[in-house]
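Have a look at the structure below before the remarks.
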Amino acid sequence: MSQKQMKEAFVSNLNGTTVLEITQGLCFPAFCILCRGFLIIFSQYLCSFSHTWKTRFFIDFVVLIVPMVATLTIWASFILLELLAVIIFGAGLFYQIYRRRTCYARLPFQKILEKFLNISLESEYIPAISCFRVITSAFTAIAILAVDFPFFPRRFAKTELYGTGAMDFGVGGFVFGTAMVCLEVRRRKCMEGSKLHYFINSLYSVWPLVFLGIGRLAIIKSIGYQEHLTEYGVHWNFFFTIIVVKLITPLLLIIFPLNKSWIIALSVTVLYQLALDFTSLKGLILYGTDGSGTRVGLLNANREGIISTLGYVAIHMAGVQTGLYVHKNRSHIKDLIKVACFLLLAAISLFISLYVVQVNVEAVSRRMANLAFCIWIVASSLILLSSLLLGDIILSFAKFLIKGALVPCSWKLIQSPVTNKKHSEYLIPEAERMEPRLCLITALNRKQLIFFLLSNITTGLINLMVDTLHSSTLWALFVVNLYMFSNCLIVYVLYLQDKTIQTIQFW
């Protein structure tokens with residue numbers, strides 16, 4: 001076989017891993033982010049921690065990105081030990097912070113907790129959603145390069161027909177995370193007034209993706225780059241899927257109320273599954289119009305990408321509903337705890353539903369984006385989001401114990417409710433509130449599309465220059481970490497210099 005055929009075979013015909021292993025892997029970065037916050041607070045207390053951008057970048061990269069690379073590659077078989085290690089490390093840091101608390105030093109723990117529960121929170125955005133988007137972006141960026149090296153476990157790669165691979169979550173989680181901060185969620189007034197004007201704005205917002213999708217297609221075909229044909233088809237790619245999702249969802253939201261997005265999500269995915277089961281649609285996806293797997297004609301050539309878009313529409317609508325729920329005005333810490341617990345219960349309920357659907361209907365299929373796939377993506381997304389929200393609460397408690405503690409991309413603590421901000425007493429100094437957010441998490445969140453494009457470009461360049469199939473583990477680990485370091489640094493510097501590239505509002 002040629003080098004291209006060998007690389008394509010290397011990532012084909014795989015069956016994935018268990019839902020439990022992927023869920024454990026998703027929770028690991030949430031604990032890393034919590035430990036990052038504890039580490040920053042503890043460092044500030046001990047040695048007047050310097051808030052330079054270099055120091056912030058180094059801590060964020062080492063504490064968040066490097067462990068994710070290791071978890072997806074060389075430490076993939078030890079996820080439980082990794083979770084236990086990071087929990088013990090975090091608990092140790094929290095204990096040291098509690099011992100050295102500068103607020104309510106003489107009060108018992110119960111009294112301190114009572115005072116904390118009466119604290120209000122303020123932020124321009126929801127830190128947990130920002131972290132969710134960064135985790136899915138970083139996870140995807142690591143996987144799309146690491147999968148071409150032998151040290152990446154084959155069970156984590158995208159599945160061929162049925163199964164749950166870690167990379168299968170990447171595309172679905174990306175759609176879900178983007179939906180939580182879409183224009184309809186952030187600016188609900190955009191849907192008021194003329195429906196035609198709203199739809200025209202939605203059409204206008206996708207034109208950059210059209211160029212990106214066509215550009216990627218032209219480059220891939222011109223250089224003969226390896227492709228996984230059954231992922232999207234001959235010409236289709238993820239950009240085209242996002243374009244279709246962005247065109248269909250405004251039409252649905254014109255017809256149905258925004259706060260009923262969950263009904264749209266459920267209806268679309270159930271009707272789609274019924275079509276798969278009781279019509280010839282499944283046969284069309286798997287074998288083409290003539291039943292022989294032909295790729296002749298536009299539909300046959302791209303049948304997986306075109307038809308599976310319905311599943312991603314459902315995932316997007318579920319993300320919209322989640323974003324609306326989480327973004328509701330809840331300034332009190334008790335309300336945030338209720339939100340986290342509700343999302344956790346919803347995730348558990350969906351995992352139970354997933355088991356029932358897989359046993360009685362059909363197993364998870366990324367290729368078809370069927371009912372089980374949509375349930376799995378939403379359940380996994382909710383478990384990650386609830387973990388991040390609970391981590392935010394614990395981190396806020398640690399900040400509450402140390403006067404003036406500063407952790408970028410976290411809630412600001414205020415003494416009284418924010419009904420009148422002029423009379424609200426901030427628990428942090430004015431200088432901290434005005435300080436620029438020198439934070440890799442915020443940079444990757446704000447520049448998500450740029451990071452995604454940069455990762456795809458550098459992945460292609462590395463594959464053209466490096467013989468990934470015959471690379472040693474040490475060399476592969478070095479290449480992947482250097483790749484992530486370079487991409488993160490470029491995006492971070494762009495963010496600091498405010499070199500904002502105006503992209504579509506969808507992102």
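Count begins at 1; order follows the chain as displayed.
Each residue, glycine too, has its Cβ placed from N, Cα and C.
According to TrEMBL, the protein has these features:
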{"type": "TRANSMEM", "residues": "22-45", "note": "transmembrane segment"}
{"type": "TRANSMEM", "residues": "57-75", "note": "transmembrane segment"}
{"type": "TRANSMEM", "residues": "125-149", "note": "transmembrane segment"}
{"type": "TRANSMEM", "residues": "161-183", "note": "transmembrane segment"}
{"type": "TRANSMEM", "residues": "204-224", "note": "transmembrane segment"}
{"type": "TRANSMEM", "residues": "236-256", "note": "transmembrane segment"}
{"type": "TRANSMEM", "residues": "263-285", "note": "transmembrane segment"}
{"type": "TRANSMEM", "residues": "305-327", "note": "transmembrane segment"}
{"type": "TRANSMEM", "residues": "339-357", "note": "transmembrane segment"}
{"type": "TRANSMEM", "residues": "369-395", "note": "transmembrane segment"}
{"type": "TRANSMEM", "residues": "449-466", "note": "transmembrane segment"}
{"type": "TRANSMEM", "residues": "472-495", "note": "transmembrane segment"}
Cβ-Cβ under 8 Å with the transmembrane segment (305-327): same-chain residues at least 6 beyond its ends: 126, 128-129, 171-172, 175-182, 184-186, 231-233, 236-237, 240-241, 244-245, 248-249, 252-253, 258-259, 261-262, 264-266, 268-269, 272, 281, 284-285, 299, 339, 343, 366-370, 373-374, 377-378, 381-382, 385, 389
Query: Does the transmembrane segment (263-285) reach the transmembrane segment (369-395) with at least 3 CB pairs under 8 A, where each pair is 6 or more residues apart?
result: yes
Message: When you look at the transmembrane segment (57-75) alongside the transmembrane segment (369-395), do they share 3+ Cβ pairs under 8 Å, ignoring any pair fewer than 6 residues apart in sequence?
response: no
- line: Across 22-45, 57-75, 161-183, 449-466, the most C-beta pairs under 8 Å with the transmembrane segment (472-495) come from 57-75
